[in-house]
Amino acid sequence: MTLHIDSLFIGGEWIPPTSSHRINVISASTEEHIGSVPEAREADVDAAVAAARGAFDDPSGWSQWSAGQRADALDSLADQLEARAEEMARRVSAQNGMPIAIARQLEAGFPVAVIRYYAGVVRTASFEESHPHLLGGTTTVRREPLGVVAAIAPWNFPQTLASFKYAPALAAGCTVVLKPSPETVLDAALFAEAVAASSVPAGVINIVPGGREVGAYLIAHPHIDKVAFTGSTAAGRQIAETCGRLLRPVTLELGGKSAAIVLDDAELDLATIGEKLFGATLLNNGQTCFLGTRILAPRSRYHEVVGVFEALASSLTVGDALDEATQIGPMASERQRERVEGYIAKGLGDGARLVTGGHRPAALDTGWFVEPTVFADVDNSHAIAQEEIFGPVLSVIPYTDVDDAIAIANATDYGLGGTVWTADHDRGMDVARRVRTGTIGINTYLPDPSSPFGGVKDSGIGRELGPDALTNFQAVKSIYA
Ligand code: NAD
C-alpha cells in the first residue's frame, strides 16, 4: 500500500504546502516506493513557527494552562498514540527497517510511557516557590515555560526520540515545531493524526517534514526560543555553532561508540544472556546510538568471548523488517548500507580478523541488508573501533586487566552508553563508575524514562528524560519582595 499525504500539519490543521516539492519514502526492506509527503519549505516553517508562537503567547493558551490541564492533554495524546500503536510500529518498520517486534516495543510503546511519565511529573511538580531573601524580605522563584521549541529528530528511533523532546517541552508549557528526518515522515504524519485527535490544542505541536536545510532554517528562526536535537555529532556541531551565535539554549544528543566490557567472571551462556547482549550491542540493526559496539574481552577468556559473539551474530534471523521472525532488518537507506560496507572494508584493510558476516546476505538481493558482522583482533585505534558505524558490526578488542579495560573504554571521543558483563554486581558498579559515559548498564541496557539520558564528550550536551529534563524547557525567574 502506498501512502500519499497532501498537506502539512500546522496550527492544528492540515494545510496545503507552499511548494510542490515532495519527500518520497522507499521501504528499506523491499526498495519499493511506499509513500510521500509534502516537503516543508521556508514559508511553511515560518507558518509553523508562527502557529507555535501564537499558541504560546495566547494569554489563555497552553503556556497559561494549569499543570494539571496540560497533564490531562498529554494523557489524551498518549491514548491517541496507543490507539494507533500497531499502525505506528508498521510505518516505522517499513520505512527504516526496524524489526517489527522492536518497533512495537520501542517506537509504539516507549513514547506513550514517556508522555505519561511527564504528565505525572507535572502533576506534582512545583512551578513557584518562595523562601526568605538572604538579605531580608522574600524571594519567589518561578519556573516559566521557555517558549517555542524546535525539536529535530533522526530516523533511527523517530517517534521515541521525538517524544524525548516534545513530552517534557509540552509538560513545561512550551509549544513545539517538530522536524522529522526525511527517511521517516510517514510515522510523523500518523503522529500528527494522534495530536489532532487529542485534546492538545491547535498550534501546540506543528510538524515540518524536511532535510537538513529546513532543519537549519528552523533552528535559526528568530521566533525559536530553544533547540532540542538528536542526530550525528557533525550536525550537532553545526547546530551548536548556530545556537552559540544566537545565544539560544540547546540540548544535543549525538553519536556514540560505547564499550561492552566483559569481565573475567561474566556469564557467557547465550541461552541466559543472549537477549540482553543482543539489545546492548545490535538492537535495531546496529542503528542505535548507545550500543556497545566495542566488545572488550579479557585475554584469559578472549577466544570464548569471540566465539560467543560469533555464535550470537550468526544465529540472528536477517530479513524483511515486517516479518515477525526478523531480528536484523536492513539498513535504513542505501547510503547507510554503503557507509557500513565502507567500514567493513576499512576493518579488513586495517588487519582486523573477520569472524562472521561482512557481506550482503546471499538470499536477500532486494533491500539494504548487511550480515551481522564480528571482527576480532581489533586495535582500539582502528577506524572501526573509533568511528560510529551505525550498522550491525562489532569489534572485539582484548584487554589485560580491569584498569586496561577502563582505559580502552575511555579512549574514544564519545561517551553515550556502554555495558559491563559480570557475575558480581559490586564489581560491575565499580567499573560503571569509572567509565566516562552518560549512561551504562550492568548485564543489561535499556534507557529509563524516569532517569537522565545523554552523553559526555562528543556524544552531546545536556540530558533528556527524567524529572530534570523539564528544566531544559523552563526559564527560571527570581522575584524579590
Ligand atoms: P543527522 O545528523 O544526519 O540528522 C539528524 C536530524 O537532523 C535529521 O532530521 C536531519 O534532517 C537534521 N539535520 C541534519 N543536519 C542539520 C543541521 N545542520 N541543522 C538542522 N538540522 C539538521 O543524523 P541521522 O543520520 O539522521 O541519525 C543518526 C545519528 O544520530 C547517529 O550519529 C546517531 O548516533 C545519532 N543518534 C543519537 C542519539 C542520542 O540520543 N545521542 C540517538 C539516536 C541517534
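Placed from the backbone N, Cα and C atoms, the Cβ positions cover glycine too.
Predicted automatically and left uncurated, TrEMBL annotations should be read as such.
Sequence-distant contacts (6 or more apart, same chain, Cβ under 8 Å) of E253 (active site) comprise L161, F164, F229, T230, G231, C289, F453, G454, G455, S459, G460, G462, E464. Summarising the annotation, TrEMBL assigns active site to E253.
Per TrEMBL, the feature coiled coil maps to 71-98. In the predicted model, residues of the coiled coil (71-98) average a pLDDT of 98.
TrEMBL lists 14-479 with the feature domain 'Aldehyde dehydrogenase'.
E253 (active site) carries a strand DSSP state (E or B).
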